[in-house]
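Per TrEMBL, the feature transmembrane segment maps to 21-43, 75-97, 109-131, 292-311, 317-335, 342-364, 376-397, 467-489, 501-523, 530-550, 556-580, 630-649 (among others). Under the heading region 'Disordered', TrEMBL lists 186-210, 405-444. The domain 'Major facilitator superfamily (MFS) profile' annotation in TrEMBL covers 215-650.
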Amino acid sequence: MAAPAAPSSASASASPSIQWILNKVILVSTSCLLGAFFVHWLADHALIWQGPDLPSEAVSNALRYYSYIYHAPRFYGLSLTTLAVSALGAAFAKLVLNPVQGLLFDGGTALLLASAVAVYTSNVLAALRYLPLDRTMPGSPTFNPASLDSFSEVKLTEALQSVAASHMIIAVSLTGVLALQGAQGYAERPDTDKPVRTTPPGPPLAGVNSKGSKAQQYGYHIASLNSLAPSLICSRTAPLIEGRFSLPTCLELSDAEFGAITSAYTVGGLGASLTAGGLVGRWGKRGTAARSAVVLALGAIAVGFGSSFWVLVLGRVLIGMSCGIATVVVPLHLASVAPPAIAGSIGILTQISINVGIFAAQAFSVPFSKPMTGDWRIVQLISAALALVQCATSTLVTEEGRFSKEDVMTSEDEEERAPLAGARASSDEAVPAQRHKRDDDADLDKDGALSVRQVLGSADPAITKPLWTLVAIMLFQQLSGINAVMYYSTSILTAVNPTSAQMVSLFMTLVNLVTTFPAIFLIERVGRRTLLVSSLLLISLSTAVLGWSINTDRFTVASVGIIAFVVSFSLGLGPVPFVLVGEMSQPEAKSATASIAVAVNWLANLAVGLLFLPLRDALARGHDGETGTVFWIFTGCTAVGVIAVTRLLR
């Protein structure tokens with residue numbers, strides 16, 4: 001029996017070697033590409049944050065620089081192409097060799113690289129061909145200003161700013177690739193501080209990736225309609241005509257109806273999140289995952305093929321129901337399979353997956369939002385296809401945690417997490433004995449789990465303190481205003497950079513994605529409380545600056561304010577609440593507590609989504625058209641959040 005084991009061992013050791021080589025190919029190729037695009041900052045810095053009226057000197061300098069690039073030796077272009085093909089090929093090879101465990105990291109890498117290539121070919125190359133870069137002085141690549149006479153000044157400015165914005169988006173995409181590959185190595189490193197476990201790593205990590213893809217769908221549908229409005233609504237594009245799939249290319253919708261379609265997503269999510277705990281108790285995590293994927297596929301198909309207001313509303317409600325279940329189940333699943341040493345880091349995968357979905361929706365909207373084509377439907381059908389894949393892979397989800405009870409929480413781990421849970425820290429000795437002697441044990445479900453009603457009616461501090469702490473944190477996450485920006489970023493950013501609103505929206509989602517990765521390394525070193533309080537404080541400051549800069553038409557400051565807002569959210573308030581959902585509650589109350597906290601999150605999400613635009617317009621009318629005043633509401637909410645979280649997480 002020993003002889004057959006050798007080939008298996010050899011093949012097992014060969015695969016990591018191939019994976020290691022492919023990882024280094026991606027890292028080296030991406031680093032070289034990133035360096036090449038950073039050089040473009042020499043010209044881009046004078047273009048990217050300006051309004052439509054560029055200084056003539058900035059135009060001349062940019063055209064001179066791009067002329068050098070346009071006339072670069074052929075070797076330069078071939079080198080960039082080779083590096084891009086190498087990185088993209090290695091990413092797909094890793095995904096093919098390890099399709100289950102590599103779905104999140106390598107799939108995200110391939111998505112970012114493909115997006116960078118798409119942005120470069122569709123934006124940069126198209127603009128460089130439009131610009132008069134081949135009209136140079138004899139014998140010199142210096143641009144001849146006389147050649148500008150035949151070009152529209154507005155179109156020239158738009159082309160230059162499109163190139164600059166695209167370069168920045170590509171640079172952030174490549175930075176995200178480096179972060180994903182680095183995070184993968186960190187997440188898969190052996191845990192030397194704990195005894196070696198004999199449980200194979202495949203199934204739990206497979207479940208992590210399957211669950212992560214469901215969180216991606218949540219983020220995807222937050223942003224899936226954001227940049228599609230100009231092509232989806234007939235009044236914003238062109239008369240209704242027949243297009244792809246013999247369906248109308250656009251729909252006769254008012255702004256109020258479009259807002260209702262957008263908000264229907266949160267209505268479905270709110271209702272489903274309250275029942276998610278009960279569904280898991282009835283069907284298990286595997287059965288719940290499969291059924292929610294089917295519901296999402298039906299909803300995405302309804303939106304993709306819908307041609308009336310009510311069909312789109314129904315589709316968005318179904319999508320929201322599936323995503324509402326995911327926002328409860330995913331954090332609980334990650335907490336159940338994560339090694340204690342990196343439990344917080346693994347928990348942050350929820351927010352990373354959400355941000356990957358947001359970026360993917362924005363990226364797909366760039367090529368599929370052209371008016372009079374009906375291509376906006378493809379963005380929804382992509383989600384339906386992914387949902388069917390999720391349904392097929394739901395069998396990989398484990399019903400039980402990977403580690404035993406002793407592995408999951410040692411006495412040292414409990415001491416480290418005790419300050420996090422507040423009441424739990426002071427009652428670990430007394431409360432369990434009291435809890436097991438309660439007279440209402442008969443009210444427990446057959447698996448021992450408390451229902452939502454039982455948790456809400458409980459007088460046990462070990463249950464109520466984590467519940468209301470999580471509710472408060474989830475509430476402040478939405479009252480920060482982040483989803484107002486994600487839902488309506490194109491509209492908001494038009495005031496910041498009217499010539500590149502869609503591209504800047506895409507860049508913002510990239511920043512949101514990339515800046516979440518530092519939290520993977522910070523959460524176990526700095527702590528949950530410090531990350532949350534720091535994030536809330538920085539959001540309060542950045543929204544104050546953002547509101548002031550929009551009101552005073554300071555484009556550069558407003559752009560920096562938006563980026564600071566997104567970065568501040570991504571470092572703490574974005575990922576940490578979903579980590580806490582899986583950590584703070586008592587085992588028998590975990591599902592119900594998660595359902596209640598996430599339902600509050602969805603309810604606040606709905607309120608912000610419905611009230612943001614009316615509040616913005618009402619406050620603008622009262623302040624001479626100053627549309628940035630609404631952000632000061634978020635400033636006040638997050639300032640209160642700093643005080644509340646500081647008191648709750650002691």
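Even glycines carry a Cβ here, placed using N, Cα and C.
Keep in mind that this is a model prediction, so the values were computed, not measured.
Sequence-distant contacts of the transmembrane segment (109-131) (same chain, six or more residues past either end, CB-CB distance under 8 Å): 26, 30, 63, 66, 69-70, 84, 87-88, 91-92, 94-95, 155-156, 159-160, 162-163, 165-167, 169-170, 173-174, 176-177, 180-181, 356, 359-360, 363, 366-367, 503, 506. When each of 21-43, 292-311, 467-489, 530-550 is checked for Cβ pairs under 8 Å to the transmembrane segment (75-97), 21-43 comes out on top.
Using a Cβ-Cβ cut-off under 8 Å and counting only residues 6 or more beyond its ends in the same chain, the transmembrane segment (317-335) has close neighbours at 207-208, 211-212, 214-215, 217-218, 221, 264-273, 276-277, 279-280, 285, 288-289, 292-293, 295-296, 298-300, 302-303, 343, 346-347, 349-350, 353, 383, 387, 397, 578-579, 581-583, 590-591, 594-595, 598, 601-602. Within its own chain, the transmembrane segment (467-489) has Cβ neighbours under 8 Å at 222-223, 226, 262, 358, 421-422, 455, 505, 508-509, 532, 536, 539, 543, 562, 565-566, 569, 573-574, 576-577, 580-581, 584-585, 589, 593-594, 596-598, 600-601, 604-605, 607-609, 612-613, 631, 633-634, 637-638, 640-641, 644-645, 648-649, counting only residues six or more beyond its boundaries.
A Cβ distance under 8 Å defines the sequence-distant neighbours of the transmembrane segment (21-43), meaning residues of its chain 6+ beyond its ends; these are 61-62, 65-66, 69, 80, 83-84, 86-87, 90-91, 93-94, 97, 109, 113, 164, 167, 170-171, 174-175, 177-178, 181, 184-185.
Simply put, out of 501-523, 530-550, 630-649, 530-550 has the most Cβ pairs sitting under 8 Å from the transmembrane segment (556-580).
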